[in-house]
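Read through the structure below, which is laid out as structure tokens, and then see the notes.
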Amino acid sequence: MLRHDGRSNTQLRSVRILRNYIKHAEGSVLIEVGDTKVICTASVEERIPPFKKDSGEGWVTAEYSMLPRATAVRNQRDISKLKLNGRSSEIQRLIGRSLRTIVDLKLLGERTITIDCDVIQADGGTRTASITGSYVALVDACRTLVKKGLISKMPVTGTVAATSVGIVNGEELLDLCYIEDSNAEVDMNVIKTDKGEFIEIQATGEKSSFSKKQLDQLLNLAESGIHELIKAQNEVLWKD
């Protein structure tokens, strides 16, 4: 099928990761996946949540938000509603647990790294772009800790990236933009490590059910996209 932006069914949108985007953060990136743009920062704080007290371990957590005009129609800020909306809450928990999967919390020591993901322009795949960009910010924050002598070795034990796949007009597509996502019969987000292991699969039959064969095809498609994303992460992390 001819996609909205001219891509093939198996093609990612263009990916750009710009490191050190925010001056004061220990790690930061601007990630662009097509027209979706997210600023991801990693901030180190010498404290841990109460449930980690005396554990000898650190913590990695995340917050997610979207600028009011990141979308075609202005959205209210969560603060104006005096509560975090359910979608933002779900996404930030997803980001946090995805990153904790590849961090040795004992090596991190009793400190917290907070990941802030701020969507400045949304065109589908904001949660997957947030995870992919946050990984790079997290690595840079941990490198800062090593350089300062606050930890002896890198606590990051692997790589994590995420992408979306779906079925639109009966065809399996990689990396859905907003128009495709809003018209998908099946929508799926996939998070994997560089070892090929799954962290999370979120699959929903939005307008129809799907078969085991289709599930396998979507997972294979996601795997190919994540392989490309991990390559892009490594290229920016090791170019200097």
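Just so it is clear, glycine is given a Cβ too, placed from its N, Cα and C backbone atoms.
Copied over from Swiss-Prot, here are the features:
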BINDING   ARG87, GLY125, THR126, ARG127  phosphate binding site
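When the Cα positions of ARG87, GLY125, THR126, ARG127 are compared pair by pair, the longest gap among these phosphate-binding residues is 13 Å.
Its own atom aside, the Cβ of ARG127 (phosphate binding site) has 25 Cβ atoms within 10 angstroms in the protein chains shown. Taking the Cβ of ARG87 (phosphate binding site) as centre and 10 Å as the limit, one finds 12 other Cβ atoms among all the protein chains shown.
In the three-state DSSP classification, THR126 (phosphate binding site) falls within a helix.
THR126 (phosphate binding site) counts 24 other C-beta atoms within 10 Å of its own C-beta, drawing on all protein chains shown. Counting only residues at least six positions away in the same chain, the Cβ atoms of ARG13, VAL33, GLY34, THR36, THR163, SER164, ASP175, LEU176, CYS177, ASP181 sit under 8 Å from the Cβ of GLY125 (phosphate binding site).
DSSP assigns ARG87 (phosphate binding site) to a helix.
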